[in-house]
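K.L.:
Supplied in C-alpha cells, the structure appears directly below.
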C-alpha cells in the first residue's frame, strides 16, 4: 500500500501578486522552493487562510530572494493580494518509507522571507 504524506509546506505566505492573464501557476520565490524541495512544475495545493479557498496548481520559480508569491491564470480568481496562504506538496511512499520520512516545513514572515524551518508539527493541545 502507498500513502500520500505531506512532503513540504510554506506556512502563511503573503500573496504579493495576482496575475489573471498569465499562464496558470503559482510563482514562488526560488529560495522558498529550495528550502522546501518543491520542484518547478510540481503540483501544489493552495489553502487560502484569509478566505478559505482550496485549490491546486503547479509551482514555477520566481526570482530568488524576491519574496514573490504570485497566483496566476485561473488561480488568481481565488485569492487577493495580501491574503495569507499555505502552499503544500505531497509525496506517495510505502508504509516503510513513511516510518522515517520527515517533511520540509518552511515558515515565513510578512515579507515571505524564511523565519524558521522544521520537520515536524508540534502536538496540538486543548
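Every residue gets a Cβ built from N, Cα and C, even glycine.
When I checked Swiss-Prot for this same protein, it listed these features:
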{"type": "ACT_SITE", "residues": "25", "note": "active site, schiff-base intermediate with substrate"}
{"type": "MOD_RES", "residues": "25", "note": "pyruvic acid (Ser)"}
{"type": "BINDING", "residues": "57, 73, 74, 75", "note": "substrate binding site"}
{"type": "ACT_SITE", "residues": "58", "note": "active site, proton donor"}
K.L.:
Determine, for the substrate site, the additional residues of the same chain whose CB lies within 8 Å of the mean position of the CB atoms of 57, 73, 74, 75; present them in sequence order.
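P.N.:
Close Cβ neighbours, site residues excluded: 24, 25, 26, 55, 71, 72, 76, 77, 78.
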K.L.:
Would you mind reading off the Cα separation of residue 75 (substrate binding site) from residue 58 (active site, proton donor), to the nearest angstrom?
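P.N.:
Distance (Cα to Cα, whole Å): 10 Å.
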K.L.:
Could you state the CA-to-CA distance between residue 57 (substrate binding site) and the residue listed as 'active site, schiff-base intermediate with substrate' to the nearest Å?
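P.N.:
Spelling it out, the Cα of residue 57 (substrate binding site) and the Cα of the residue listed as 'active site, schiff-base intermediate with substrate' are 5 Å apart.
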K.L.:
Look up residue 75 (substrate binding site) in the DSSP assignment and reduce it to helix, strand or coil.
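P.N.:
It is helical.
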K.L.:
Within 10 Å of its Cβ, which one of these binding-site residues (73, 74) has the largest number of other Cβ atoms?
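P.N.:
Going through 73, 74 one by one, the largest Cβ count within 10 Å is at 73.
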